[in-house]
Amino acid sequence: MSRQAKDDFLRHYTVSDPRTHPKGYTEYKVTAQFISKKDPEDIKEVVVWKRYSDFRKLHGDLAYTHRNLFRRLEEFPAFPRAQVFGRFEASVIEERRKGAEDLLRFTVPIPALNNSPQLKEFFRGGEVTRPSEVSRDLRILPPPLIPTPPPDEARLLQPLPAERRGQEELEVPVDPLPSSPAQEALDLLFSCDSTEEASSSLARGPLSEAELALFDPYSKEESTGPSPTHTGELAAIEVESKRLDQEPWEPGGQEEEEAEDGEPAPAYLGQATELITQALRNEKAGAYAAALQGYQDGVHILLQGVSGDPSPARREGVKKKAAEYLKRAEMLHTHLP
């Protein structure tokens, strides 16, 4: 299988819409967006519903892989501990939602994690769709419900024995799915070429610098600075950053704003400008992981907002800007020592 996932797509993860499953536990909607670097309007989306125990298992698997990468640039995110009492409180549910989202977003700039077989398996069962072509109403499941079962099903909801209470969260149901075109489409979004190499490397001990450099563009970041070419690019970025602070995103600038009856620029442009401006500063300061996340978040907001923008000229300008910063993010992977 080719490395299409790493080379052709940027990723954006969200965890949202917690709801109560009919069996009594809380589950969360997990959305993975794969944005084509060649065409920012080409977006593939995978949606799955997961519970706390699924996130906890993924956290353990990815933490193990991360430890064996010997990365010194960032700390692997912590994850909320399991608890029996209070797990249905709003604050606990929100803490778990945020912890799960932080975990998924942490994997984005690390190829060994974002193309891992564990992450691909986590999204197994989700259908690959194109949000721009499919009505979202068809993808939204019914709202949270706690149904009242008919009398003949009452026995299914009997309370667990005392010795089993508290263990329900820690159990991960196994539900193998047969191969299908939908799963083949999912496989194409996750590159697992180096699965066998990674497994053998973990078994024989720490990875060498040369091995890390094959799939980790930040492996030498702590010991070496940016290349001369990249230093020159960052000088230009500083000028671009100052311009972003002063100019709107519209291709026609102030004249276009006046031509549109003085209406203020849409809110999504301001949000994206703030994120991408900070990303430019982070890149200049050498905080490449933070810069990459900032580019992705900013482009995500642009692509979400531009679809409803009433101005054709502004839509065209925003699409060009999104493409520019997708390329900027790609350079963080390909141009660093």
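For all residues, glycine too, the Cβ spot is worked out from N, Cα and C.
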Problem - Stretch carrying region 'Disordered' according to Swiss-Prot (options 133-156, 181-204, 301-324) - result: 133-156
Practice task
Could you check which of 28-54, 55-81, 244-270 is flagged in Swiss-Prot as region 'Disordered'?
Solution key: 244-270
Problem - From the candidates R11, R105, R281, the one which Swiss-Prot records as omega-N-methylarginine - result: R105
Problem - Per-state residue totals over the domain 'PX' (1-130) - DSSP helix, strand, coil - result: 48 helix, 34 strand, 48 coil
Completion exercise
DSSP composition of the domain 'MIT' (265-337), residue counts helix/strand/coil, works out to 61 helix, 0 strand, 12 coil
